[in-house]
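To start, the structure under review is shown below, and the notes come after it.
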Amino acid sequence: MKVSISHKNNFKGVSYQAQALLMSKSVFAKSPYAKLCKSFGFEGEGKFFLQEQALLLVCVEELGLDSIREAGASIARHFRTLPYKNVNVALNGKLDDSKAYALLLGALLGVYECVSYKTKTPPLHLKEIILLDEKNEVASESVLKKVHIVAQSVNEVREIINTIPQVATPKYLAKYAKELSKEVGNLECKILDEEALQKEKMGAFLAVNRASCNPPRLIHLSYKPKGAKKRIVLVGKGLTYDCGGLSLKPADFMVTMKADKSGGCAVMGIIKAIAQLGANIEVHSIIGAAENMIGGNAYKPDDVLYSREGKSIEVRNTDAEGRLVLVDCLSYAQDLKPDILIDFATLTGACVVALGEFTSGIMGHNDRLKAQFEKCALESGELMATLPFNRHLKKLIESKIADVCNVGSSRYGGAISAGLFLSEFIREEFKQKWLHIDIAGPAYVEKEWDINPSGASGAGVRAGIEFILAQGKA
């Protein structure tokens, strides 16, 4: 399906065309449709389809960007399997670039669903959603360019996260990254295999993957435009499957663990979009791709691991593995001398407990940087909130036999203590330049919500893109 913007209404009333009208509840109440719709019990909240007119009415409380974005998804979903090839969409109110972008992005992201493993799928009749801009209020070319690039990146990230673990191994992610660099053209790709990881002394990363028959990979994608204003390095947790290791997860908790690679997939999606948009920011995406499995060679609670930074780590829980992969990747990332360093990870269930399944957690030492990222995230349509570090929780990761322990000694504050663990491996010169984004909640939800399908949402991609674009304007 594609989206477009038209400066005149081409609706001819033919059988393959439909219309959608988006309006606020207050406007609906005064509209000529109100009396008819109310006779069918529709009071102006949600959507109502007038079949004879092939007209979908979509009513929202007010025409804010979040409501418009979600309405775009609702329109696309409604017509997804109906026998209409194109839908003309009109917004009853002033149109501008941000509203047009929100509606069309919502449509492209809302229509996505993972059907790769179904043997029978309903046909997608809908070919195009056309936004009407009769007053010529929208910079159509730039809006459409960004919409298509961002939507494609998010949907590709969703698809690779949804890819099953028997297919999506660390080698698979590495192959995908190589193909991505060739497709985009202005991306470079470097892959570190097991031998290279040993030379890099990534003892924590390697320990996590030890019991897997699928070897680990570190993936390094880079976008280096001439005269770049800043260098931003992104790090993503790429656990292609996580059974918990010897600290084995309960069976119900293992389901959906194919999504433990969401952070790694997100940073690939972000750099792809940034490169295609031609942003004047140098960006690197580093993905630690591994599997946390069980076996005679598995790393164990009571082990002490040595990280690339030289710090020793007492292992008390092998299911706190993502942070072990991340610390070695963050060490590698700091060698690139970033102006800003951000990691994305489905790191803790505790973050979901703290913020719910629709909101990501932002952590770090720089309040201004955290506020900037949260602002960009909210503008992109992603819910994020700051979780504050504190000295009391830091004491929970102290170890009596090593430099630091991989889990806190309390059942409380797990999202923050995990962030504080990562902070132990951030060099002093980068403390104020680093952010940790825990996307454990929204990365994979087993129900449709907002503009997201059941399954992978592509959490972090839109927020990361907007943040980097904002840095280019700063």
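Backbone N, Cα and C define each Cβ position, glycine as well.
Swiss-Prot names Asp319, Glu321 for binding Mn(2+) 1. Of Asp242, Asp252, Asp403, the residue it gives for the same site is Asp242.
Per Swiss-Prot, the candidate among Asp260, Asp328, Asp335 that belongs to the Mn(2+) 2 site alongside Lys237, Asp242, Glu321 is Asp260. Measuring Cα to Cα from Arg323 (active site), none of the recorded positions Asp242, Lys249, Asp260 fall within 10 Å. Of all Cβ atoms in the shown protein chains, 28 besides its own fall within 10 Å of the Cβ of Asp260 (Mn(2+) 2 binding site).
Over all protein chains present, the Cβ of Arg323 (active site) has 27 other Cβ atoms lying within 10 Å. Asp242 (Mn(2+) 2 binding site) sits 8 Å from Asp319 (Mn(2+) 1 binding site), counting Cα to Cα.
Calculated from their C-alpha atoms, the gap between Lys237 (Mn(2+) 2 binding site) and Asp319 (Mn(2+) 1 binding site) amounts to 14 Å. Annotated Mn(2+) 2 site Lys237, Asp242, Asp260, Glu321; additional same-chain residues within 8 Å of its Cβ mean position, judged by their own Cβ, are Val208, Leu239, Met257, Lys261, Ala290, Asn292, Gly322, Val325, Ala345, Thr346.
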